[in-house]
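Marked as domain 'Amidase' by TrEMBL: 25-145, 166-487. For LYS76, SER171, the entry in TrEMBL reads active site, charge relay system. The annotation active site, acyl-ester intermediate is assigned in TrEMBL to SER195.
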Amino acid sequence: MLGRTLREVSTALKQGHITPTELCQKCLSLIKKTKFLNAYITVSEEVALKQAEESEKRYKKGHSLGDLDGIPVAVKDNFSTSSIETTCASNMLKGYVPPYNATVVQKLLDKGAVLMGKTNLDEFAMGSGSTDGVFGPVKNPWSYSKQYREKRKQKAHGENEDSNWLITGGSSGGSAAAVAAFTCFAALGSDTGGSTRNPAAHCGVVGFKPSYGLVSRHGLIPLVNSMDVPGILTRCVDDAAIVLGMLAGHDPKDSTTIQDPVKPFTLPTFADVNKLCIGIPKEYLAPELSSEVRSFWSKAANLFESEGAKVIEVSLPHTSYSIVCYHVLCTSEVASNMARFDGLEYGHRCDINVSTEAMYAATRREGFNDVVRGRILSGNFFLLKENYENYFIKAQKVRRLIANDFVNVFNSGVDVLLTPTTLSEAVPYLEFIKEDNRTRSAQDDIFTQAVNMAGLPAVSVPVALSNQGLPIGLQFIGRAFCDQQLLKIAKWFEKQVQFPVIQLQELMDDCSSDFEIEKLSSVSLKQ
């Protein structure tokens, strides 16, 4: 049952094949068995079991709250959760328990979802590997998959197979790992420059970033207010659409959300592929792009073309400026947002009481890691009076040019853009940490950052396994607020490629009756 999709399990719950309590207990058991992945910071076992019991009572009375009722979900630990610690994987917020739920969390709970726990991340979501939080790095479940280990045995002789596990990508790596390892059926991440799509690609799951303003940010501890979007991680596109339908809509607590009512998100089979125009941005053919990702990208374009879609090369001329532009804008907003963590109202407070200034400085030195402090310093530099015009204002102008590039492409008749999500498949942790955080983030989010600056929807879909037996994902980018059309196209593509299910053989041997996973083979892009 744990290997099924959200929709399939929802049907099983409604038909009485399994109860919410039984499902919750199975997920809690698997969370304990996969503790070595470090996907969760907090496991809310008591809360989850209580919610499952309440769901079970509703089912017995025939009062189901919908498709999410009784479904185990997880939430990234930078979303506020009432009565559950929210840390942002930082010493600054260790022990902090918010007095309210983030809007998206409350909406999930209102629909009967069962909260399994809070997932691990880079500190304050600043990173692209989920390796820089104070609770330690997240390990990619594919490190322990049968597909990867069989390939690795052919190359490694006498090497300890546990010594060089793979990163999940970041910063929502805990949420991606939780979904990939079958410990929940959907998870919330946050996406500021690719932080949902990046780990989704590395962990072989679907990662969806909605249009900016479609889903409320209230209660999401901010990184970059003008780019932050709650993200959704699931095992298939259809499940992402179900969750999005529950979350989308105006929130009076978030003035950036759209005022228009949101129609229910349903994804019927997309039958008009021959009417589509797919854009391939020539600037995304980066020199660092691995040959395998490039090959799958090309094969995906050919797949659409073979079905009658029009595939054309397009230009996003200001793409080359996006990394520098993103860095300036991101760190500037970080400097502003992190000012609230001063040791006075909540969170960590040092023992120094010589003066307010000394306490303030020591608190931030102790509470923030090097990455966060570095971004604060960079942002304050860009916001200095003598630098403001030359850095921040210019970056805002470049951001407008980047957004206009997308507008021009979509106005030319293109329906969606097809791009890589990441430069390569997941890399070993020991290789990943050779680069500093800023360099890694610039490299790993090269295909995703511009989408956030333009406020567009984007989804990463796993397409096939690399020669090493690891997931590779491709990204679809849509028009603003055309999220449903984007997901329809992604669902059609997903059905064609038939991405294989992860084979966590040891876990399946321990609890084989819980999985019932249909073994699919990747056919379309390998031929």
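Using the three backbone atoms N, Cα and C, a Cβ is placed for every residue, glycine included.
Cα to Cα, SER195 (active site, acyl-ester intermediate) and SER171 (active site, charge relay system) are separated by 5 Å. Taking the C-alpha positions, the distance from LYS76 (active site, charge relay system) to SER171 (active site, charge relay system) comes to 9 Å. The number of other CB atoms found within 10 A of the CB of SER195 (active site, acyl-ester intermediate), across every protein chain shown, is 37. Residues of the domain 'Amidase' (25-145) grouped by DSSP class, helix first, strand second and coil last, total 47 helix, 16 strand, 58 coil.
Here the domain 'Amidase' (25-145) returns a mean pLDDT of 97 for the predicted model. Here SER171 (active site, charge relay system) comes close to LEU121, ASP122, ALA125, MET126, GLY127, SER128, SER130, GLY189, SER190, THR192, SER195, PRO199: these same-chain residues lie at least six apart in sequence, with C-beta atoms under 8 angstroms from its C-beta.
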